[in-house]
Amino acid sequence: MVGEMETKEKPKPTPDYLMQLMNDKKLMSSLPNFCGIFNHLERLLDEEISRVRKDMYNDTLNGSTEKRSAELPDAVGPIVQLQEKLYVPVKEYPDFNFVGRILGPRGLTAKQLEAETGCKIMVRGKGSMRDKKKEEQNRGKPNWEHLNEDLHVLITVEDAQNRAEIKLKRAVEEVKKLLVPAAEGEDSLKKMQLMELAILNGTYRDANIKSPALAFSLAATAQAAPRIITGPAPVLPPAALRTPTPAGPTIMPLIRQIQTAVMPNGTPHPTAAIVPPGPEAGLIYTPYEYPYTLAPATSILEYPIEPSGVLGAVATKVRRHDMRVHPYQRIVTADRAATGN
């Protein structure tokens, strides 16, 4: 029908929905504020976060999400200030963390109580400060007189007399619920506080999410199938990109072997052994052996020398009396010898 506004049902207060709202708030705070155009969005987002936390808190403590009547009468008379102290039973339960239970993660539980009751809730007395050294330093100073008292919760409210009494009564009832320790594993408020802390830290995971049916079917099949026990697989060392030394024979011994088998004039040495055929007979080239090719020239001492030459170099040179035959020597006949030609 034209003119009627469509009303949508509000989402249920679940941890996942609260986590989505917190993520939206972080994203909203990271964006620049363009002339205040996001003011209403931030206000609506804060109101929704407060509503979800309030419903979750009521569900945790009261066991239902039914909202208590928050209607207050009209103010009558001047504004007054009322306060009341509720002492924490630390002597009866010395190991219970009442301060963390009342304040909650980053003070969210106390802030939620203040928003719901309209009162200011503060933890005072011995052990109310996290830093014990600072607490001892401030003890006895002005405005720190409460450190000489026992641990207690101070509830204050400012309003008209008739309204302040109602607010204070509601706040006292809610705080008294927090001063009753629950058994380990049955503290629903502690579970909620841990969940809120995980949401704030970004580490929350919903434990109610079930695995797909396919995963269960595969797991059942794997359990029904026979199992074969095998030894652990050997761990191989990582392969190097470039070997430091060549795996095969280097190229220089083969070059020296060929140089030894050849005389300086190019003729094969008579005493040189022929390189046997095989994989080591040819020149082996690998792409990473080029540093070995830059070797100095082979010394002349590596070539074989005749034993007679070595002896002749040491002993005195022997004069030869026979005439060496010259290849171009002319033949002198008797007629030419007589004429002198």
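Using the three backbone atoms N, Cα and C, a Cβ is placed for every residue, glycine included.
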### Query
Where does the omega-N-methylarginine label fall among Arg101, Arg124, Arg170, Arg242, going by Swiss-Prot?
Arg242
#### Entry: Annotated range (Swiss-Prot: motif 'SH3-binding') out of 104-107, 184-187, 276-279
276-279
## Note on the structure
So Ser188 (phosphoserine), by the Cβ count within 10 Å over all chains shown, scores 12
### Query
Looking only at DSSP and grouping its letters into three states, which state does Ser188 (phosphoserine) belong to?
helix
